[in-house]
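Participant: Could you have a look at this structure, given as structure tokens, before my questions?
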Amino acid sequence: MSHDELLSIYNDISVIDHPFVQHKLTSLRDKNTSTREFRMLVEELGTLIGYEATRDLETTDIEVETPLEKTMSPVLKGKKLCVVTIMRAGNGLAEGVLKLSPSARVGHIGLYRDPETKQPVEYYLKMPHSIDERTIIVVDPMLATGNSAIMAIDKMKEMGANHIRFICLFSAPEGITAFKKAHPDVAMYIGTIDRELDDHAYIRPGVGDAGDRIYGTL
Ligand SMILES: O=P(O)(O)OC[C@H]1O[C@H](OP(=O)(O)OP(=O)(O)O)[C@H](O)[C@@H]1O
Ligand SMILES: O=c1cc[nH]c(=O)[nH]1
Ligand SMILES: [Mg+2]
């Protein structure tokens, strides 16, 4: 299925085709990009894609007094934000999103993919209280089979979350299809849709193992 077909079948998928985003994604692909630069780029992309993913947040006008006069001017209103990182690799992206909203709460879910089964294994979960009252932004740079993101969002929903959106940098068509079948209500903000998964469920052309490249554990 072509990318256009994929985007026409499923709702609420935004591929962020801004030139700055695409340029930084290309730098991440480069195998010669250093650990330091890789980590910085992931964080910057968290801010850029986070900006697009929060474009529809509600505002309300309040009165403010400038040095010259009183005026009505917008501020954020409505549900409080909670950024949820799928560890490890999600942490860098979360830092970037938090630059937009430093007072947001942060939830952590630790998942690693079993290399044999390709299924995620949970090793950590800590969420702030009242997640049913918050807009939840789940972040992970990679959506390969989709199993990790699906499991993370399953957990959020079990805990009562009902306003969830998802940010990733690199995705495979297979992962998007699985994600949207499991969670059609969750809007996706994606850097790029790559060609396919390989036999080890790595995204091709991709970036390799994002967690290893962010933390230098190759
Ligand atoms: O869509 P999936 O097939 O589930 O694959 C994607 C997952 O794999 C990577 O994590 P990994 O298991 O490598 O853990 P890490 O972040 O600790 O490196 C990535 O950060 C996603 O969480
Ligand atoms: O290509 C992939 C697939 C899963 N996890 C990664 O870090 N990279
Ligand atoms: Mg990894």
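Placed from the backbone N, Cα and C atoms, the Cβ positions cover glycine too.
Pasting the feature list from TrEMBL:
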BINDING   R88, R113, D140, P141, M142, L143, A144, T145, G146, N147, S148, D209  5-phospho-alpha-D-ribose 1-diphosphate binding site
BINDING   I203, G208, D209, A210  uracil binding site
DOMAIN    15-217  domain 'Phosphoribosyltransferase'
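In the displayed structure, how are the listed features positioned relative to their neighbours?
Facilitator: When Cβ atoms from all protein chains are considered, those within 10 Å of D140 (5-phospho-alpha-D-ribose 1-diphosphate binding site) total 28, not counting its own. Taken residue by residue with DSSP, D140 (5-phospho-alpha-D-ribose 1-diphosphate binding site) is part of neither helix nor strand, so it is coil.
The Cβ of D209 (uracil binding site) has Y202, L218 as same-chain neighbours under 8 Å, each 6 or more residues away in sequence.
Taken together, the residues of the domain 'Phosphoribosyltransferase' (15-217) have an average pLDDT of 97.
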Participant: Cβ under 6 Å from ligand 2: which of the binding-site residues R88, D140, G146, S148, D209 qualify?
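Facilitator: Near the molecule: D209.
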Participant: Taking only the Cα atoms, work out how far S148 (5-phospho-alpha-D-ribose 1-diphosphate binding site) lies from G208 (uracil binding site), in Å, as a whole number.
Facilitator: 16
Participant: From the binding-site residues listed here (D140, A144, S148, I203, G208, D209), select those whose CB sits under 6 A from an atom of ligand 3.
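Facilitator: Within range of ligand 3: D209.
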